[in-house]
Structure formats: structure tokens, C-alpha cells
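Asks: Annotation comment: TrEMBL describes 1-21 as signal peptide. The domain 'GH16' feature in TrEMBL is assigned to 1-220. Annotated active site, nucleophile per TrEMBL: GLU107, in sequence order. Annotated active site, proton donor per TrEMBL: GLU111, in sequence order.
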Amino acid sequence: MDFNQLRLIVPVLLLLDQSHAVICSRPKGPSFYDNYKISYGYDHAWSKSQGRDVQISLDQSSGAAFQSKQTYGSGFFHLNMKLPGSNSGGVVTAFYLSSVSPNHHDELDFEFLGNNDGKPIYLQTNVIANGKGDREQRIRLWFDPTSKYHSYRILWNRFQIVFYIDNYPIRVFKNKRKLGVGFPSQPLQIESSIWNGDNWATDGGLTKINWTYAPFIAGFRSFGINGCPAYGSNMKHCYSIKFWWNRQQYWQLNPSQQRTYQTIKSKYTTYDYCTDGKRFPTPPPECPQ
């Protein structure tokens with residue numbers, strides 16, 4: 001794809017993204033309390049609109065977090081989020097899936113790395129499987145995530161993991177167990193949090209949180225869950241095609257999605273562990289060889 005094609009596609013992404021954000025701005029669906037609970041920072045979390053609009057905050061005394069009441073064995077998970085604004089350098093807002101057991105840990109991460117006004121906010125994703133992580137990728141967001149709600153999604157079935165922003169795929173991690181690559185295989189819990197990451201998150205830790213702008217507030221909506229509940233460690237029933245996200249059209253990106261994915265990767269990626277020759281002189285087996 002040449003530069004002129006990129007110039008044609010990216011404005012369309014922006015236009016669609018803006019229209020989608022307007023849709024995301026209307027709280028509806030299940031209440032937060034139907035599917036989630038606060039896990040820490042109880043005095044730094046509050047809700048309105050019958051639990052369809054939840055905010056968590058960070059100040060010098062504490063951050064906050066919430067988690068799903070259930071664990072899941074597959075699904076197409078999402079939250080609508082609006083990130084903290086006004087000089088949020090050093091603040092990390094996260095949405096992720098995490099195994100409960102500390103042994104052979106599995107985790108799928110969205111980590112939003114705050115920044116000071118006038119500077120871009122970056123999104124870092126990571127895939128941890130069977131205790132092995134170090135699979136960070138970063139992109140520069142092509143929109144202002146602090147001004148409106150946007151939809152962030154994670155597809156997880158036994159064929160692939162896909163991270164989405166407003167229906168646009170931004171990362172794909174295929175199941176390559178045959179190559180010896182770990183793939184999440186434990187029940188995962190949905191979690192979200194806001195916390196102090198100023199030892200690493202912004203400018204490699206050089207930018208510290210300016211607490212005069214606290215509290216830093218992140219907003220969340222859309223608390224329905226498209227997931228297969230896991231019971232104990234038994235997850236086989238969660239691979240069934242009776243769950244729509246396990247059907248063949250979700251085994252790989254379609255051609256249109258693939259084009260969008262490649263456009264976003266080529267234009268907005270700022271770090272990819274697969275191309276970091278200093279960390280990995282031999283590319284990890286899941287990376288393009």
C-alpha cells in the first residue's frame with residue numbers, strides 16, 4: 001500500500017471513529033453492578049445513571065480498580081472508556097483480562113499511558129501466556145481519548161486474540177502453540193484500573209505525575225459482557241460454536257479488516273517487540289520471520 005492510499009484510508013478511520021464515539025456516549029445496557037464489582041479504592045470510585053456510568057480516580061492517596069464477578073473461557077470483551085485529561089503524564093489507565101491463579105499467568109492488556117497537554121497519548125498492549133510476557137507493542141492514538149468515550153475490545157477464542165479500538169483491529173496474536181508459543185488457556189477475569197506508573201509510563205519515566213492536576217478521572221460505560229463463563233478450570237465448553245465469537249468468521253481478519261490493520265500498524269506503531277533486535281536478536285517464534 002503506497003502513501004497516497006494511506007492518506008485516503010486514515011481520514012475515513014477518523015471520520016468513522018468520531019461518529020462511533022458519539023454512539024458510545026449514551027449510557028445504556030446492563031448496570032455495572034450486574035457484572036462487575038470494585039476491587040480496591042472504594043472511595044475513589046462512583047457511579048451514576050443507575051450504574052451505567054462509572055468513574056474511578058487517582059490522587060496521591062490511592063488509585064482504584066474494578067473486576068468482573070465471573071471468569072471467562074472465551075469471548076469478545078469490551079468497555080467504553082474516556083481517559084483522564086489535563087496533564088496526565090505518568091498516569092496509567094488499564095483494561096485487561098487476567099488469570100486469577102498466579103501460576104503460569106495469562107493476561108491480555110490495554111494500557112493507556114497518559115501525557116501532558118499537547119503531547120500524544122500512547123496505547124501499550126501486551127500478551128502474557130503461561131507466565132511469559134515481554135510482548136509489548138505501542139501505538140500513537142490518532143484521536144483524543146480524553147474528549148469522548150471510545151470502545152476498546154478484546155476478541156479471545158482458540159484461534160486468535162485481536163485488540164480493537166472502535167471496531168478497528170490494532171493488534172493480532174494468533175494461536176501458534178504448534179511452534180511452542182504460549183496461548184492463554186486459563187479462565188480470565190475482566191479488570192480495569194487507574195494507577196501511578198510514572199516510574200516508566202511517560203518518556204521512559206522522566207515525566208512524573210503533576211499532582212496539582214489530581215484527581216485524574218477515567219470514565220467507563222457499556223457493562224454488558226459477551227463471554228463464556230468458566231466453571232473452575234474446565235473451559236472446553238467455551239470453545240463451542242454456539243458462541244458467535246467462536247465461529248469461522250472470527251478465526252481470522254477479513255480482507256477489509258486486514259487492510260485497516262496494516263494501515264494502522266504502518267502509520268501509528270511506535271514500538272514493536274518483534275522488531276527490537278537489541279532485546280531479541282533472534283525474533284520470537286510468533287513474530288514474522
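From the backbone N, Cα and C atoms, a Cβ is placed for every residue, glycine too.
A TrEMBL annotation is a machine prediction, not a hand-curated record.
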Asks: So what's the average pLDDT for the domain 'GH16' (1-220)?
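Replies: Looking only at the domain 'GH16' (1-220), pLDDT averages out to 91.
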Asks: Once near-sequence residues are set aside, which residues in the chain of the residue listed as 'active site, proton donor', 6 or more away, have Cβ atoms under 8 Å from its Cβ?
Replies: VAL92, THR93, ALA94, TYR96, LEU123, GLN124, THR125, ASN126, GLY197, ALA201
Asks: Determine the Cβ neighbour count for the residue listed as 'active site, nucleophile': the number of other Cβ atoms within 10 Å of its Cβ.
Replies: 19
